[in-house]
Each structure stands twice: as C-alpha cells, then as structure tokens.
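Database features, via TrEMBL:
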{"type": "COILED", "residues": "369-396", "note": "coiled coil"}
{"type": "DOMAIN", "residues": "1-361", "note": "domain 'PTHB1 N-terminal'"}
{"type": "DOMAIN", "residues": "433-520", "note": "domain 'PTHB1 GAE'"}
{"type": "DOMAIN", "residues": "523-630", "note": "domain 'PTHB1 platform'"}
{"type": "DOMAIN", "residues": "632-735", "note": "domain 'PTHB1 hairpin'"}
{"type": "DOMAIN", "residues": "737-812", "note": "domain 'PTHB1 C-terminal helix bundle'"}
{"type": "REGION", "residues": "849-870", "note": "region 'Disordered'"}
C-alpha cells in the first residue's frame, strides 16, 4: 500500500449499474475549440455517451452540472471511442464510436459559457459491420496526409479497414483463435497485435493491402486459385503470456517504441520487434499509458493494478506509487483548464476521477495503550510452550494439516449388507447369467451453509456406478441430503480393488472452497459367488497365523452354508469374470491355503481372508494376532503377467504405426482421384477406386483390431495390478514390513492409476525400483553414484525390469530395509519419476535363488547363450 494518495482534483460517478472497460475512455479536443484544452469522452456498455469539461472551483470538488457538456444514449453498447481526422475534406477532429455491429463517426459542436453550455453531435456517416467487432485503431495508413483511416478487428480475426466514408478491404489474420489488443505504428506503417499463441505480431499495411481478400478466401480455398499474396507477418516476438494492452508511442526525446502490458510483465520493444527492456511486475496490472518524460532518452509509464495502486515508471525504474480510491480499467493523461498532465482514471463501475500526484500522507496513529507491569515468569512459561509446539511441528513428517474435530460438512457412505433383489447393472460386459449389484446410500450433512455442493462417486474400473455425479442446492446449517447409487461389475474382468470413494466439493459462506470425502468397502459377493471347491489348482499360497484356525461358517457367513459341515474348513469362490478359487483351513496347524488356476484371482480372496480374520480377533479383544508368509514369492508367474501386458503395449504401437501408414496411403489415393476428377479431359482411373476401397477396408480393420487390443490391454493391466497387490502383500508378510514400508512398496509397484502408451507401468516401476536399489537398498557408495537417465521411455523388453525386481527381493531377503532416513546409506526412499539406473551384474550371484522366490537368477554363461540365440 502506498503512503501517498492520489490528490483528487475532480471526480464523479457515471450512471447506475453501468459497466465500462478499457476502450470506453478517451481524452481529446473533440469540439475543435483550438485552445489546447482536452475534453473527457466516456462511453458505456449500456450505450450512454458522455462528454465532460471539468471546471472545479477548488481541487477535490465534485462534478458540477455545467461540467457535463453532452449526455446521449445511442441504444447500442459502446465498445470503444476514439478521436481523429475521420471525415474527408476537413482536418478537424471527429468522434468515432464503435458498436458491436456498427461504426459511427460524429461531429461534436457547441458553445460553452460560464453559466451554460449547449453541445450536440451530428452523425457524419456510419458503417454497418458484417462481423461482430472487438476493438479498433486508427492512423494515417499507407502514409496518407491530413486524414486518419480506421481498422476494426472482429471477433473471428478479420481486420476491416475503412478509408473514412468508404470500406477499403478486409483481411483475416493467420492462425487466429481469440482477438487481442490492436495498435498502429505510423513510423513502420504496420499493425501490431498479440495473438492467442502469446506472440506479439506485426503486419505491414502494404502486405495487408496486397494479400488475398477475406471475402474471396473461402472461394479461393475451394478452387485452389491464387488471386492474391498470402498474408505474411513482418516480425514475431514470443512473450509467453497474454497481453492486456498494446500502445505505440513516439516522442521527440525518445525513440519510437512499442509497449506491451502482459499479465505479469511489462515489455518495451523497438519497432523491429527487438526488446528494449522488460519489467517483471509483482502485482496484477489492469491498465497502462506511456507518456513523455523530462529526461532525454526515457519514457514514463503509468500502470494501474488491482490493488488500487497507480505506479509511475521511468523505463524500468519505479519513481512513484500512489493510492487510488478504485481499481482503474482505463487511464489517460490530459490537459484540463491550463493544468498539464492530469491523470484521468475510470473504473469498471463508472468512477471517473481526475487527479494529480502529491505528498499528502495518510498516516495512521495507533492509540496509546495503558502501561502495565511485565510478568516475566508468565512470559517465560508461554515461550517454553510455544517452543514445544514449534519443535513438534518441525519434527512431524505430515505434509497436510490435521483435520478439524468438527468438520463443516461430513459425508458418509453406507453399503447395504445384501445384494439388490433386482439387479441395477447397466450395459455390463460380463458374460455371466446374472450380474449382481449392491446399493450404497450416501449422506451429506452440513453444519454450516454450503454453497453449490457437488458429489462425485468413484469406483475402480471395471466396477461402475449407476450415477457418479450429483449437484445439490445450497445446504442450510444442520441440514442433510441423501442419494442412493448402485455399484456393479461392468467390465469382463475381476477388479483389483473393492473400494469406492465419495467426494463433495463446496464453498463456505466466506467463499473458500472446501472438500470432504469418505471411502467405502464393497462386498466380495459383488464379484464372485459360492461354488464347489476345486482340489486341483495351478497356483497355491499358504498364509500362516499365530492363532488356531477359525471356522469359515463364522468368518464367511455370506458364502458358507450352515447346514454343510464340510464348509467349515473349505470354501469355493467362482468369480463372475474369472476362474474358481478355493480356500482351505488346516485342521492340525494354524494355516490357510488359497489356490486358483490364475494368479491374479488369489488376491481378492487373500485380502478378504486377512481382513475378516483381523476383524474377528479384534472383536474378541485379541491384540497379538498376526499373519505371516514363509513360502515362495511367485515371481515367475508374476513375470508372465508382466510379459503379457508388455506384449499388448507393443501390439498397440504396431497398430498405431500401421494405421499411420494406411492413412497416408489413403490420403495420397484421394489426392490422385481428385486430380483425375478435376481434369477437363477424362482419363482412366487405373483401378484407383479399387485401391481406395481396399485401403479404406484395411483402415477400418486396423482400427477395430487396435480397439480390441486396447480392451485386452485394459484387462491385462487390471490383472497385473491384482497380481502386484498380491506380491506386495506377500513381501510385507514375509519380511514383516511396517505400514510406512508397505506404503513405499505400493508407491513403487503401483505408481499409475491408468496405463498409457506415453507413460507405461513397466518403465515407471523400473525407474522407481532402480532408485530404491541406488539409495536405501544400496550396498556401497559406488551404486549411489550411478548415472540416471533423464527421460522415461518405453523399453524394448522386460528383461531389465524382471532383473531389478529379482534383485530387489534379494536385497530385502538379505536384510535390506526400506527407510525414510536421509543419511548416505539410506536416502529418502520416495518414488522419484524420471530415472533408471543400471545395476551391475556383479551384484547378481550366479545360479542363486532369491529366498522366498521361485525365480532363479541366470548365470553369466546362460545369459550369453540367450543373447547368442536369434
């Protein structure tokens, strides 16, 4: 905030509920009085045109009746007002008013005395526009003498040029998207604008005049004729941000310069596009105006910002800052009543003020407080308490702030214990006879006024919900809203997670956005049903516990039949989109076995078993229950799933290349056919039509194959995620990892929610594992100094990934631990995207088997033989 306020010389408020913007303010001797006294012309979006001639009795007086020379309503919104030599046959100044679809030029005349004034405007001519206007500029285009021409920029990128009473021509700007500020440079006879590409572009008037006419452009494109030159840009400068305004100035004591006001920077350019200087702004600007400086070779600039501050710069040096009573959207410098350099500002609500810079400080003097004796013991105790809080805050590793005890808005989800009597599944791809669904009731309860609450319900594919978006009306305090959705299996594969999420975004009365969320767990019956147990299976796992086995009739009441005593120790599960899985409990030992024909189908049953056992013993107040795993980690079967997924990714690349080739071939045949059809002398097609039809069929067949491959790749990635969850769980039970270490494992092996060709699972996991092997699992400082690749790219094969996973398990088996330490041996084990390290082959002992793994490491001789094979 500035110490000094702008000295109010004259001010007024225009109309009621009117809106103003950058082009609505202009200062000039519009009535040609000849005394060098400027008038203030203001137009509004409500269509009101006002002309002021301020005459305050003393500085700070408000507007008097005689200060308003003219007020007229033009019935159309006024976008911009300018004053120039717009009428032929005279060099007098006239007023140009730009409407959305019309350009009007008026002559302002009248008489003003000390007691009264009589002013009027006369329409000299008008142009009806075929396109919606955005802004305009004027000047002696083409070097004409004694008159000004007008250039209007439309919303669709057309420059319409008018030679006073007649329309000259129109040209479209190349690569146009949205209109930007527009200015004219008389010295170079060029138009300067800022495009949507965040580039300052300059177009010569002569190039515009000889380019292809805009009215003929469409016909030219269709007939491929050449009726004019292509519109070429004179020079381009990339400023990297959108521009608010452009101004071209030329003063006697300074060179011609182009000023560009960006969103965060202020640029001064030479007339050839080179940067003279730039200034980085630490505020959000709203408007600016350059004006002459008393120091030779420099230019002063006024820049207003959204903090109600008007800054005065001499080139890049801040010379003064003054406080305004409003946010200016337009600023001008005028000569009023023999007072030179009056600053005229206009706000978007119509606050018009004429001010000058002064040194009248606004100083706030704090009131005196009553003196009291200082209790040093009390202050010392308070200081110790604060230091304790600071120490606790700096030692904690939590990044996000702790949630409040009483939230403003709470969302809860209640999953029905039973499946829906009538399934709500829609467009399910599952080939089962019946696809079940389960109802989830979501309640949003607010303690305060919640504006525009938006509820989003999400589940992991291939699961789906009947409706995932809800928009509520504003919630009053202590009110609630409830919705009911159904979840079902849509894709033809088993999900990797049976969890969902509810998220509510809303605004509190102060305008601050808030978010509340909750998770819910879906029943296992949603994706599988009871079945007869199977004795034989390809994949088997054994989970050890420290408690006697529990009857399945107790922990799986929704799957077991109470009348069948055999189901107390054995259960069968048939997945809707998978294989049959069998769960067995040992009668003599504290073990449970899970077996299935597919590795990925073991995950959900294993997770459900451990969760239900933990809940069972928690209800019995048993705190020392624990599960463990002492078998072999099924790495070989896991690697097969990785290879299947990677092979589908390679197929997707091949399909993309083939589609590109066939598309190029298809377009080449089309061009040749069009040339034959346009030829005046008929020529045989030479079977081009047959070749076109065959290529079209190949493109369609390749597109169908690519789409089918994409669906297969999604199913393979879902199976890979399930198997990865299973491997993470077995590693944590095998090595008895803590919660933080399991979180590191999940971040390492499951970094992506979705798999894409640009960033796939294989290269991301390889980079994460390599990072852990170089940091917390490294053996020596030599490994920590290994170079890291700067980019993640799709590998040629999965051999290195499988090698690193095997080495990762080997390091864990030999006592390595995932740690969050920061010393040289155990650096922070966070997943850092972007790097892969090559692990020395000397670390892999020849012919050894990783403890807890079924995958043996090949010897160097075996690896050499494999490389020699074709």
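Using N, Cα and C of the backbone, Cβ positions are placed for all residues, glycine too.
TrEMBL entries are annotated by machine, without manual review.
Worth saying up front: this structure is predicted, and the values here are computed from it rather than measured.
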Report summary line: The correct DSSP tally for the domain 'PTHB1 platform' (523-630) reads 32 helix, 31 strand, 45 coil
Report task. Kindly report the helix/strand/coil residue split of the domain 'PTHB1 hairpin' (632-735) according to DSSP, in that order. Result -> 92 helix, 1 strand, 11 coil
**Report entry** DSSP residue counts for the domain 'PTHB1 C-terminal helix bundle' (737-812), split into helix, strand and coil
**Finding:** 43 helix, 0 strand, 33 coil
Query raised in the report: Taking DSSP states H, G and I as helix and E and B as strand, how many residues of the domain 'PTHB1 GAE' (433-520) are helix, strand and coil?
Result: 0 helix, 55 strand, 33 coil
